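*Asks:* Okay, so TrEMBL annotates it like this:
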ACT_SITE  His413  active site
ACT_SITE  Asp464  active site
ACT_SITE  Glu473  active site
DOMAIN    30-486  domain 'Glycoside hydrolase family 9'
SIGNAL    1-27  signal peptide
Amino acid sequence: MGVQPSPPHLTLPILILISSSLLLVASHDYHDALSKCILFFEGQRSGFLPQDQRQNWRANSGLGDGSTNGIDLTGGYYDAGDNVKFGFPMAFSTTLLAWSVIEFGDSMPSDDLRNTLVAIRWATDYLLKTVSQPNRIFVQVGDPIKDHNCWERPEDMDTDRTVYSVEAPKTASDVAGETAAAFAASSMAFRSSDPGYAETLLRSAIRIFEYADNYKGAYSDNEDVRPGVCPFYCDFDGYQDELLWGAAWLGRASQNQSYRNYIQYNGKTLGADDNINEFGWDNKHAGLNVLVSKEFLEGNVYSLESYKASADSFMCTLIPESSSSHIEYTPGGLIYRPGGSNMQHVTSIAFLLLVYANYLSRTSQTVNCGSISIGPTSLHQQAKKQVDYLLGDNPMSMSYMVGYGDKYPQRLHHRGSSLPSIKDHPEFIPCKDGSVYFNSSSSNPNIHVGAVVGGPGEDDIYEDDRADFRKSEPTTYINAPLVGVLAYFVANPN
Ligand SMILES: *[C@@H]1O[C@H](CO)[C@@H](O)[C@H](O)[C@H]1NC(C)=O
Ligand SMILES: *[C@@H]1O[C@H](CO)[C@@H](O)[C@H](O)[C@H]1NC(C)=O
């Protein structure tokens with residue numbers, strides 16, 4: 001065939017082809033990131049580790065947890081770079097892992113789905129122990145002041161493993177409500193693979209929610225518990241949101257109408273539309289509004305329409321074209337909230353964007369932002385920008401997930417990762433002897449694969465400084481919603 005000039009109308013498709021293949025080159029390996037994101041939880045494990053433990057720089061720890069109180073409280077997760085088991089954020093991380101499976105489990109490769117269920121169960125097995133006595137909840141193991149004074153591996157830990165619990169008539173609606181949410185959501189995640197376990201979780205959710213609701217109040221108002229939980233995971237935002245959130249999850253998991261009535265009739269008194277622009281371990285409002293919107297959008301429960309209006313108003317703060325006041329972004333485009341551990345906001349908000357987009361697209365609905373309406377595609381794009389920034393498309397040209405990409409954080413604020421592994425250095429390293437490792441400018445010897453750090457400051461700068469825990473510490477609640485986000489992009493990379 002002779003060379004012929006291309007007809008002019010072909011130029012456009014060729015250009016599109018070129019630019020989309022460039023995009024493909026620049027795109028991320030979401031599957032690799034997903035597998036690593038789940039693997040992170042193995043590095044946070046407390047208790048007796050199984051044969052198939054893959055983060056093999058870790059070993060057994062906290063095997064006596066609960067023994068001072070005559071109860072087995074082994075297992076569960078350390079929340080971050082320390083060795084304390086804080087029940088409030090652990091339950092929240094569990095809810096988000098389970099929600100990731102509920103919404104995006106179908107998009108997960110089978111190994112990743114299986115590993116996510118294992119990660120959930122590591123938490124729920126522990127949380128079941130915390131509610132094993134009637135009208136009582138064990139909310140924390142480990143004296144955080146003494147723990148934080150040491151730079152010690154979890155395997156060497158010799159600080160007080162103080163057990164904190166709350167018993168009726170004292171209140172813990174926040175931790176108990178979140179634990180109910182974690183059980184209810186996890187029961188849905190396990191329903192097809194392990195119906196018996198799912199049933200145990202659902203029954204426990206119903207029971208612990210009754211305690212939360214019958215004795216209304218915050219756990220940190222209790223003077224026995226307050227010194228141990230504040231200022232770390234104090235209930236700053238009130239317990240009301242966890243009651244609505246727990247009821248919403250119970251309604252979805254049990255399909256029992258009485259929980260739907262609960263969120264409808266108590267929405268006003270429990271402040272369903274207060275402080276709606278946040279979603280994290282303390283403030284559940286934006287997540288609650290997205291979750292309950294499904295009942296209105298897909299279940300046609302018109303009495304819950306106000307939750308959709310609140311979810312819309314949250315989404316509008318994220319959409320540049322909308323006229324509502326906006327969430328803050330760094331110059332490089334990352335969602336930014338002051339207060340440290342910023343990546344927790346990035347991952348939880350990206351998760352809500354994707355969940356809400358799915359609810360909207362299945363019902364052909366849009367977000368109502370006053371004079372404009374926003375479709376699900378725009379929400380997907382916002383979420384993608386955030387996750388791509390996290391994985392490396394940012395002014396530092398680095399990934400904020402350890403072990404992903406070529407350049408990633410080397411000096412995590414994390415005791416187990418920064419001290420020599422007990423496998424290489426079996427000798428005990430006492431509390432203050434850890435300081436030389438804490439102060440060292442070397443990279444951490446144990447690569448905590450999948451850990452996502454708090455991330456850069458509002459100027460997009462990341463110094464990779466171990467002492468700067470606001471930026472360099474990973475947490476379970478950064479990674480938990482990221483599991484769902486990455487699963488979505490594995491199935492929908494473009
Ligand atoms: C629904 O939940 C309420 C509150 O826990 C309970 O009293 C009622 O028996 C439940 N109904 C069914 C059908 O399980
Ligand atoms: C090393 O770290 C400890 C905290 O663990 C700190 O108190 C101490 O001042 C540091 N020492 C040096 C020489 O930087």
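These residue numbers are counts, starting from 1, taken along the chain as shown.
Placed from the backbone N, Cα and C atoms, the Cβ positions cover glycine too.
Unlike curated records, TrEMBL annotations are generated automatically.
So where do these features actually land, and what's packed around them?
*Replies:* All protein chains shown were included, and the count of other CB atoms within 10 Å of the CB of His413 (active site) stands at 24. DSSP classifies His413 (active site) as coil under the three-state reduction.
DSSP assigns Asp464 (active site) to coil in the three-state reduction, placing it in neither a helix nor a strand.
All chains included, 21 other C-beta atoms sit within 10 angstroms of the C-beta of Glu473 (active site). Glu473 (active site) falls within neither a helix nor a strand when secondary structure is assigned with DSSP, and so counts as coil.
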*Asks:* At the level of the C-alpha atoms, what whole-angstrom distance separates Glu473 (active site) and His413 (active site)?
*Replies:* 5
*Asks:* Tell me, roughly as an integer, the mean pLDDT over the domain 'Glycoside hydrolase family 9' (30-486).
*Replies:* 96
*Asks:* Rounded to the nearest Å, what's the C-alpha distance separating Asp464 (active site) and His413 (active site)? Just drop the number here, would you?
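*Replies:* Just about 9 Å between their Cα atoms.
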*Asks:* Just how many other Cβ atoms lie inside 10 Å of the Cβ on Asp464 (active site)?
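*Replies:* The answer is 18 other Cβ atoms.
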